[in-house]
């Protein structure tokens, strides 16, 4: 499903009216009606509803919802956080319709907002139609107090388009924000609906297309979409290990022995065929006991126990017989090892995954990545992204989609910005938001498992971009299945790795159910 920026949804609104004759009044009517239908479907009739409306179009949607709820038989009261004589256009028209319908309306000022929470608690549902995706400055004064009253009511809360106080493009909180149980967003989901903390504050998300023409909903100018899974290539009877990919992992050091084990073994757990691990010779005996199914290439090491630069030619030779190369997990930050990573990035002619400490090296030699002919994917978390971009961690987290797109364009590489709802950016300016995964996966080594999963999906026969996307999705799906069976607490990376086969099995045996699980619900 496509995902829109605030500016893009405004463009779609305009084109819906100008090209297709779907006027703003129609969109608002359909939006408000969909909120009313959801409320009734959740609670049933009879029911009572408080509809909190702001001064703009979001408030207009709420006024329409109030009228439809009343028509359905609900006991409705509108709390208008605006002066009625300041309303304009179709918002004013819908206010007048509410008044003519005999629906109770109370104007809320700052003084009235003080005790509003207690009254809101008397209603079965509170509809939050205070502010929508156009909000760009922190909520203050009466608006802040009203949001706090909604949050303190204890009633079921449905937000209109996006929780009031959440930035429509970033998901960041503008001072204070409504915490909704459900959100109905219109046309398409917005970035702010899917980026945290907005995604959490919105509760369960629904989309209503409000009669946008299909051509607009699928417009090629919309460059962001959800990371929907694709079917896996079949495993045919007449195949051997080489048919499922040969991966080379350059990983590990004396200090970090878990990372090389996790990435190289996860490749096999996710369906890959032949896993080869190039790591320092002193730890090979220990790793071999834990993962005898991996093929080891013992490398010379520095005095501090990292991969020595003198291994460059040998690693390059090994890469020639590999389908994909992954560099970085657990390599450490020894200067000559970082120099080795840079020269590998420049010289390896196969598709390349760079993760972990390898990203610290790339931060120094990004031009080597941008000059590569074979595709590359970088898999940073927010801290590593900060080093790669020069932005602060806070800046990265505040605008994750834009940060990933900017780096992908600059380095001509795929970027997987890990985190809640991981962002996958492509070199040509597209982005995908991944919806699988859970907080239990926030554990040491989880990223190493992801490296193996991406390599494996490429080995199974997907194109590079699809392999990156599906590697991220499968990684999250494995975490979700593990959390369902074992709980999120204590979910280790080894457990996550061991659930990769179950994730692949779910995709092969019941693909439609998996797809439905991670598809945003569309209201009829």
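Just so it is clear, glycine is given a Cβ too, placed from its N, Cα and C backbone atoms.
Residues or ranges marked as region 'NAD(P)H-hydrate epimerase' by Swiss-Prot: 1-219.
The feature domain 'YjeF N-terminal' is assigned by Swiss-Prot to 9-218.
According to Swiss-Prot, the feature region 'NADPHX 1' maps to 57-61 (among others), an assignment based on similarity to another entry. Each residue in the region 'NADPHX 1' (57-61) has a pLDDT score, and their mean in this model is 98.
The K(+) binding site feature in Swiss-Prot is assigned to 58, 128, 164; the stated evidence is similarity to another entry. Of all the Cβ atoms in the protein chains shown, 28 others lie within 10 Å of the Cβ of residue 164 (K(+) binding site).
According to Swiss-Prot, the feature region 'NADPHX 1' maps to 132-138 (among others), an assignment based on similarity to another entry. Counting residues 6+ beyond its ends, the region 'NADPHX 1' (132-138) has Cβ neighbours under 8 Å at 6, 9, 56-58, 61, 160-162, 164-169, 174-176, 190, 192 in the same chain.
According to DSSP, residue 143 ((6S)-NADPHX 1 binding site) sits within a helical segment. Around residue 143 ((6S)-NADPHX 1 binding site), a 10 Å sphere centred on its CB holds 24 further CB atoms from the protein chains shown. The annotation (6S)-NADPHX 1 binding site is assigned in Swiss-Prot to 143, 161.
Taken from Swiss-Prot, the feature region 'ADP-dependent (S)-NAD(P)H-hydrate dehydratase' applies to 224-524, supported by similarity to another entry.
If you look up Swiss-Prot, you'll see 224-507 marked as domain 'YjeF C-terminal'.
Look at Swiss-Prot and you will find 330, 448 tagged as (6S)-NADPHX 2 binding site, backed by similarity to another entry. Long-range Cβ neighbours of residue 330 ((6S)-NADPHX 2 binding site) (same chain, at least 6 residues apart, Cβ-Cβ under 8 Å): 251, 252, 253, 255, 256, 257, 258, 259, 260, 356, 357, 448.
Among the features that Swiss-Prot reports, region 'NADPHX 2' is placed at 381-387, with the record citing similarity to another entry.
Listed in sequence order, the residues of the same chain lying 6 or more apart from residue 443 (ADP binding site) and placing their CB within less than 8 Å of its CB are 491, 492, 493, 496. What Swiss-Prot lists as ADP binding site is 418-422, 438-447, and the listing cites similarity to another entry.
If you look at the region 'NADPHX 2' (381-387), the same-chain residues 6 or more away from its ends with a CB under 8 A from one of its CBs are 356, 359-360, 363, 393, 395-397, 403-404, 407, 417-419, 447. Within 10 Å of residue 161 ((6S)-NADPHX 1 binding site), counting CA to CA, the binding-site residues 58, 128, 418, 441, 447 contribute 58, 128.
Of all the binding-site residues listed here (58, 128, 143, 164), 164 has the Cα closest to the Cα of residue 422 (ADP binding site). Geometry remark: residue 143 ((6S)-NADPHX 1 binding site) versus residue 164 (K(+) binding site), CA distance 9 Å. Each residue of the region 'NADPHX 2' (381-387) gets a DSSP state, and the totals for helix, strand and coil are 6 helix, 0 strand, 1 coil. The two recorded residues residue 420 (ADP binding site) and residue 164 (K(+) binding site) have their Cα atoms spaced 21 Å from each other.
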